[in-house]
Amino acid sequence: MSGQADIALIGLAVMGQNLILNMDEKGFVVCAYNRTVAKVKEFLANEAKGTNVIGADSLKDMVSKLKSPRKVMLLVKGGSAVDDFIQQLVPLLSAGDVIIDGGNSEYQDTSRRCDELAKLGLLYVGSGVSGGEEGARHGPSLMPGGHEAAWPLIQPIFQAICAKADGEPCCEWVGDGGAGHFVKMVHNGIEYGDMQLICEAYHIMQSLGLSADQMADEFGKWNSAELDSFLIEITRDILKYKDGKGHLLERIRDTAGQKGTGKWTAIAALQYGVPVTLIGEAVFSRCLSALKDERVQASSVLKGPSTKAEVANLTKFLDDIKHALYCAKIVSYAQGFMLMREAARENKWRLNYGGIALMWRGGCIIRSVFLGNIKDAYTSQPQLSNLLLDDFFKKAIERGQDSWREVVANAFRWGIPVPALSTALSFYDGYRTAKLPANLLQAQRDYFGAHTYELLGQEGQFHHTNWTGTGGNVSASTYQA
């Protein structure tokens, strides 16, 4: 029968399959398609057996089975695969039909596709989908953006299948063009930062001689307080996990992979001129971890400090680590929201920052109680320039900063790398410093490159000094350093 499906989904990897089953469970008829048609038959005969999911053996067949306006969702690898499918779909669709990209696409690609498809009368949505396989099946966080005219058409489906937090759907329209995928990219960057901070806390505790079970207990305590979050919870579970050979974690090779979204966030921060230092360090930490053979060799020839990791009051220091982790986490999110604010300004997106925090409250990897505090901050002050200036977070850092400084200082003394904890502290101190040494930096630039400088109290007026008496008096306009 033609025209019976509410939506089609292309891409039957685990995420795609689980999203289809989620939609089916919520009462929507889904048409499943995969480039390898045999996979469609296999899915219908196994995971989707007994459901209302239907299959298609070609894109033309798939489109014919959709109700109008047609809605087609792609869950395929970002890049050329998305463009290939769009190219094949365009001749089969009509004006007003919707194409949704639910993969990890670069936001610039999403903006480009929006512009191209708008000329053809087609609606395009780039939606972040977070929560992994379990989230896709039972309720992900969804971050749709693109052509806003598509939102009323997909809203009933998206808000039915997404996670809920305090009864509110973890899905709302984000903004035009690539806004949805940009917000998802920042989400993933923050995820990198959260994971790195937790790893540094683990490394310090391990260096202090705590066993896996003791560390698991500590993370369990933290998860019942202000650090309550999915990542803290799974860290506890990972530390407790045993197989036939004992604790598994210590046998896992210490080299971390990455799919690129953290790197995209760091690159975007540089492009927009926003100091998202913690996420950058989290990305570089993964790069450093990949140098396993070099690190093993260096460990035998490069000497560290003679001071061993030990404290007089372990209970207090473990509490210090908790506070350090919490304070650094605040900085990480503050930086992420700074990046979204600057991107929104340049791209003319109308982002709802409180709404974004709510979208991340459930279903996604960075879900935590902490996000409720961020939502409250932006709800009470929609134009808040930085989370650090919100009373709740300002007081939290005031309470925890002595512990934070103690942990970072001791880690340095003991030779334990804490790039995320320390760069967060440096950012905090830099942000609260009224006068930084950038005056010297600008003088240096003027000395060797005649780049000019402004004087205090004379902002907007640019001066150049002939520092040596032998150089010229003309300021530079091309050479930049």
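Cβ atoms here come from the backbone N, Cα and C positions, even for glycine.
For Gly11, Leu12, Ala13, Val14, Met15, Gly16, Asn34, Arg35, Thr36, Val76, Lys77, Gly78, Asn104, the entry in Swiss-Prot reads NADP(+) binding site. Within 10 Å of the C-beta of Gly11 (NADP(+) binding site) there are 23 other C-beta atoms, taking all protein chains into account.
Marked as substrate binding site by Swiss-Prot: Asn104, Ser130, Gly131, Gly132, His187, Asn188, Tyr192, Lys259, Arg286, Arg445, His451. Neighbour density for Gly131 (substrate binding site): within 10 A of its CB lie 24 other CB atoms from the protein chains shown.
In the three-state DSSP scheme, Lys184 (active site, proton acceptor) is classed as helix. There are 31 other Cβ atoms within 10 Å of the Cβ belonging to Lys184 (active site, proton acceptor). Annotation source Swiss-Prot lists active site, proton acceptor at Lys184.
Close to Glu191 (active site, proton donor) in the fold, though at least 6 residues off in sequence, lie Leu231, Gly262, Ile365, Ile366, each with a CB less than 8 Å from its CB. Residues or ranges marked as active site, proton donor by Swiss-Prot on the basis of similarity to another entry: Glu191.
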Between Gly131 (substrate binding site) and Met15 (NADP(+) binding site), the C-alpha gap once rounded to whole angstrom: 10
Met15 (NADP(+) binding site): secondary structure state under DSSP, collapsed to three categories: helix
Cα-Cα distance linking Arg286 (substrate binding site) and Ala13 (NADP(+) binding site), given in Å to the nearest integer: 26
Neighbourhood of Met15 (NADP(+) binding site), C-beta criterion under 8 angstroms, separation at least six: Leu75, Val129, Gly132, Glu133, Ala136
Packing count at Ala13 (NADP(+) binding site) (other Cβ atoms within 10 Å of its Cβ): 13
Which of Lys77, Arg286, His451, the listed binding-site residues, has fewest other Cβ atoms within 10 Å: Lys77
